[in-house]
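As recorded in Swiss-Prot:
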type: TRANSIT; residues: 1-77; note: transit peptide
type: REGION; residues: 1-22; note: region 'Disordered'
type: COMPBIAS; residues: 8-22; note: compositional bias 'Low complexity'
type: REGION; residues: 200-235; note: region 'Disordered'
type: COMPBIAS; residues: 217-232; note: compositional bias 'Low complexity'
type: DOMAIN; residues: 308-650; note: domain 'PUM-HD'
type: REPEAT; residues: 369-404; note: repeat 'Pumilio 2'
type: REPEAT; residues: 445-480; note: repeat 'Pumilio 4'
type: REPEAT; residues: 517-552; note: repeat 'Pumilio 6'
type: REPEAT; residues: 553-591; note: repeat 'Pumilio 7'
């Protein structure tokens, strides 16, 4: 920009004409062969404001910058060679006297040409760019699907190999389409690129005949027909040039003109979406939209509904063309690939679509190919969704066969349940099993690993699903194990939650055993970060025998428990739900020699507030009588809650 500003200032001086790149001898210090064609127009054809926008203008006559003598010469072609490196220091500036010898410059140009407007012959190309060509013929239809271009999908010139997400150009998944057996597109590469080769020859780079040396595009003049498939990797590729068909072209790019003949595609030309990397979501019309990244499991959603929501219209010579999803291919085409498809992000969705829309024969083909890989697919990031779907739609005999394979080896079902993906399938298995044989096999497989399952982040959900879906009798093995390992389970992060579920779903003797075991260990559990929840749960049940046993365990320890973070919650729960515990708790609190320490304790102050709210009559008065002498502590961060409320006036 600085060079152009300096050039502009020079052009305003009549004594120093503007030096264009062609006037600088330093520009041609390298071994270059120059062959350029330019069109020249008089400066008088342009206004002062447009002289630099349309070309380079340099008047020498200050009185009339627009006047110029007529041009009567022809530009000679010269070859300039030099061993010195190319220098651009004098691109626009050169001494006028040294540059002009006998009225000519280094290139042999007459001085009168300095006042001419020099510009490239781009007007015809601009007209060519501005002209919009409509599609002469629609894309051919096949027996399988309408293969009409969608304006939302761009057939870009880039090649996307499997390492780039499993896509080739055009947005189609790599490997999804096999090259058609008979296909041809009689299309001139020149019309693909939108440029005339004869014009392109006129625009060679000034430094040589290599059009790409300084970034100019190259266009081939080959008129040979092209195929929409190039070794199964490129769709509508222009083999002779850099430009390809784009469903949407910006205003500055030429539109496409093409014809198609003898193009046919059958269902046998379809390959499944597998054996490719699947990090990049599909953008072709063959994929089904999902609302979230986790929605790999298609729960009974018909593909007809999705197809109706993805219609699109585009103008083709004024005729609307409908674009829709292709129909499902014949299962014979994907037979032998189902196992690999099940482990693919898009393949598992495709197979789920077959379950929704296909026949029982199609489901049988899928089942027969995955039954030998049940364990692996259950723990696969994508295969687990297919297994969940299969458990929903399969027959009882098929479900029994799945259970037999999953429980064939000892500890195998436990290992699946501990897996982040496998736990989903095992939970779905528990939901769908009906026969006694299926339930018995699952129970026998889970029983040895009960303690590991109940403590695991993933495995504990399998136990909870058993409690929800199986009968009380079938869950007896869970209740017995929970009673046996009650303390160990109650003091675990995940186990304490499952233990509460066990109490909620158990009946009669099993429930009594669990509650009795918690009550006997209430003092220990009350001080545990997780065990205190089990004690609070039993207190809220208000079972007299359990409460009596628990209060006997806690008697004499209320002051100590009130000053601890976790057990203080349990003491508050006793004051709220166990009226028989209130006198004992209040007596122990007021008998403390240094009661002011309880008032200022970060946890005990909550117990005192709960005692003031829960007690009445003489019991409440005895507590207030101990609190009033310490009113000086009302500004204490913990005590002010006691004195600021109306608890003392109750």
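Glycine too: its Cβ is placed from the backbone N, Cα and C atoms.
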Spatial neighbours of the repeat 'Pumilio 2' (369-404) far in sequence, C-beta under 8 Å, 6+ residues away: 278, 296-298, 335-336, 338-339, 342-345, 347-348, 351-352, 355, 363, 412, 416, 419, 421-422, 424-426, 428-429, 432-435, 437-438, 441-442
DSSP-assigned states of the repeat 'Pumilio 4' (445-480) in counts, ordered helix, strand, coil: 27 helix, 0 strand, 9 coil
Helix, strand and coil totals (DSSP H, G, I; E, B; other) for the repeat 'Pumilio 6' (517-552): 29 helix, 0 strand, 7 coil
Local confidence of the repeat 'Pumilio 6' (517-552) - pLDDT mean: 96
